[in-house]
Ligand SMILES: C[S@@+](CC[C@H](N)C(=O)[O-])C[C@H]1O[C@@H](n2cnc3c(N)ncnc32)[C@H](O)[C@@H]1O
């Protein structure tokens, strides 16, 4: 946003600012890439509300769309007006904002954004919904809330779990921490939180995980600066429990940035060498900062900016962690903009990239070593089916079955779905090189 755009944006009301952000996402920009810039225009007092309205609308986007369509005699064909409507409906149906304020602020936003002639329509629709909130709330809850391509894929992949997946993907994910065991045990940190009157509970599947009952600024939590914990989803924390003992081993974290799993490995093991590789130098900078904050021993860590489809190891590698680029359909709760950004045509490209990285990395692994393939996707084509192709192409590969009481066993690997009050969608498959 240039300076003159910024100063004219400052004159808009909060709802219009939210609509501007929603438009940026509709135009293909990720929320992370626009949020900081957009939120700076909003007064500090309103930032919490701006955040809640933006994320909430994206979370309910296709549900709001589904219940709005029957209210229109013809398609609006106008993304800004549609966004105003969804924002108005979201406030009426999903927040405690007084209805009159929700309607008048949203109608004003439509006017401020240059749609005065159509603001009457926005007003009429929002008033109708406000008179029939129960019916519209039920309708909203009954929608699957997914773009049609994702609806079809998930219905095919998970017919028995489909309804639950759709409902869970609309929820807010819990804020989960991983304590840094090099500094503090989980029980000790739970006591510290308790002393500060911060409500928290231990995770069930991860023995270093803690779920906070309220959200807030994590940098204000005790021990943040000293590196007492990281923010990491519970199901992502399971990576370190599947890996073999990595003490004195040569390990490659093949898609490492921003370093959640790299740091967890260093908290748990003392590898002979840990190569943290990623093609994104900016994200690797965050990896360095994270390892630094956590005060982990970096002497044996090598951070490498390289393309995992071509990178070659200079020595025999004992273990590879391949947390592959994926559709991120398992983490939609944390990144609700994925609903709008991800297109069906992206999937084949992502599957092809995963295949290429798998091929290249497998060649770097020594016989007797193992590779842990991970995605935060819930699409079988990136997970079970990707692994079926891999095993068909590699007679020197054997699956090491993950014996666990979590997730759903697949023909190859184990799948975790996003669960209410619990972890995100993740997939793990552990592979041994036998020849
Ligand atoms: C799922 S994220 C990794 C998350 C990380 N393991 C963690 O736990 O914090 C996937 C990563 O793959 C990286 N990536 C994508 N394509 C790549 C490629 N061809 N070579 C290397 N890294 C790649 C992305 O930059 C991204 O950081």
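Any Cβ shown, glycine's included, is placed from N, Cα and C.
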Remark   = Listed by TrEMBL with 255, 256, 257, 258, 259, 260, 261, 307, 323 as binding S-adenosyl-L-methionine, from among 233, 278, 337, is 278
Model confidence over the domain 'SAM-dependent MTase RsmB/NOP-type' (165-434), averaged pLDDT = 97
Ask   = Taking the residues 255, 256, 257, 258, 259, 260, 261, 278, 307, 323 listed for S-adenosyl-L-methionine, what is the greatest CA to CA distance in Å, to the nearest whole number?
value = 19
Query = So how many other Cβ atoms are close to residue 307 (S-adenosyl-L-methionine binding site), meaning within 10 Å of its Cβ?
reply = 12
Request  = Kindly assign residue 307 (S-adenosyl-L-methionine binding site) to one of the three DSSP-derived states: helix, strand or coil.
outcome  = coil
Remark   = Students should find that the Cα atoms of residue 376 (active site, nucleophile) and residue 257 (S-adenosyl-L-methionine binding site) sit apart, in Å rounded to an integer, by 14
